[in-house]
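Feature list (source: TrEMBL):
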{"type": "ACT_SITE", "residues": "D325", "note": "active site, proton acceptor"}
{"type": "BINDING", "residues": "K30, S31, R35, S177, Q179, D325, K352", "note": "3-phosphoshikimate binding site"}
{"type": "BINDING", "residues": "K30, G104, R132, Q179, R356, R397", "note": "phosphoenolpyruvate binding site"}
{"type": "DOMAIN", "residues": "16-429", "note": "domain 'Enolpyruvate transferase'"}
Amino acid sequence: MYTEILSSPATFVIEPRGFLTGQLRVPGDKSISHRAIMLGALAEGITYIKGFLEGEDTLATLEAFRMLGVTIQGPEKGGDIRIHGVGLQGLQAPRVPIYLGNSGTSMRLLAGLFAGQAFNVELVGDTSLSRRPMRRVCDPLTQMGAFIETTYQGTPPLFIHGGRFLHGMEYIMPIASAQVKSSLLLAGLYATGETRIIESTPTRDHTERMLIGFGYPIEQSGASISVQGGGKLYGTAIEVPADISSAAFFIVGALISTGSDILLEHVGINPTRTGVIDILRRMGAEIEVEESGIVGGEPVAAIRVKASKLYGIEIPKELVSLAIDEFPAIFIAAACAEGQTTLTGAEELRIKESDRIQVMADGLQALGISVKPTPDGIIIQGGQLQGGEVNSHGDHRCAMAFAIAGLAAKNTIIVHDCANVATSFPGFIGLASAAGLAINHA
Ligand code: S3P
């Protein structure tokens, strides 16, 4: 049987001093790392990955494929992995339920990938993942012919029945979600005919780019993406760029602390992920992005950030899905800005690893900032961050956002429930201290 791996609760203590300097490389991109394992496992031949994120979420995806009979060597020295792909029809039935920890991306993408297998699979998660909505993938997958059981509330565990015959369909996305889009595209690889997804709002397109990299034909025209079932993926080499979502904490940290000047190396700047840079620049941030090439179909750049005077803004709605994971960090920038920042159209933030609007609002209030949470966003009145105790509620991104707030705070900040930082950013404390954040474990 599976057991939930409970990391010991970690508390961060951040002293109110310091600024960020130096040249840093944050760990590999989480979204790209998940997809590299999935497509590498389903490919014919060997896939070599460099720069894989060794976080708990992506390791959960990796372990899932080992349980399905895929030989995966590594990760070794900084994220080198070699996957012996088994082909689209080569996965074997797992003997026990697959535990995916905190990882919503693993569960939603794998639901699509497993819907067309010959065998049954049960997917389970930790307490946070067990509360997250899965109907957004299960409903359209059911329309394609899948049979997936959830709890009555539509939450995990997911029991995915094997031996179903999937058929392609046209699906107009009711929400902006790369996880849903990717889940359906992966199911589409096993479906008869064409699976066509129409997005009303653009979301990260790593799955589309990587399918092309693995030699699988897809058709893209405007907001529509389609795949035909029955093709083949071919093993390839993938270099994973540094994760812009992890870089965001250092970008904001540098902006809010006088004297900061940092260079972030080899960061993925896929245009479906760079909303954070656009938003911060609109707030007055001095951020230079020097594109250095394309790796594995993804553009990368060196990003230089200097401390800047920030101003509150109304965040344009069209940037929300392009910055969806960076709002905890952006809220810290807003707390340090002059004037008011208003976010709307971001109700998805309430169903991430935590209710990020409430968790960040409570924490910012505890740190002396005037904040009004709304059903689909937040209003933040910039001011002086004081010190105090806040709770990240087990949300890795909220924990790191509160940690970097220490760079602009008057007194010590204590952040509780930070163990999940390891889901996306192993080594955060080491890298942040080396750059100048006065952070320690309690
Ligand atoms: C992800 C998509 C986003 C994001 C998540 C990773 C992905 O979720 O928040 O951290 O890798 O596809 P949604 O697509 O549900 O917005």
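Placement of Cβ uses the backbone N, Cα and C atoms for every residue, glycine included.
Those TrEMBL annotations? Automatic predictions, nothing curated.
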Overall pLDDT for the domain 'Enolpyruvate transferase' (16-429), taken as the rounded mean: 98
Greatest inter-residue Cα distance in Å for the phosphoenolpyruvate-binding set K30, G104, R132, Q179, R356, R397: 19
R397 (phosphoenolpyruvate binding site) as reference: those recorded positions from S31, R35, D325 with C-alpha within 10 Å of it: D325
Euclidean distance between Cα atoms of G104 (phosphoenolpyruvate binding site) and K352 (3-phosphoshikimate binding site), Å: 8
Recorded positions near ligand 1 among S31, R35, R132, S177, Q179, D325 (Cβ under 6 Å): S31, S177, Q179, D325
Separation of alpha carbons, S177 (3-phosphoshikimate binding site) and the residue listed as 'active site, proton acceptor' (Å): 12
Residue pair Q179 (3-phosphoshikimate binding site), G104 (phosphoenolpyruvate binding site) - Cα distance, angstrom, rounded: 8
DSSP three-state assignment for the residue listed as 'active site, proton acceptor': coil
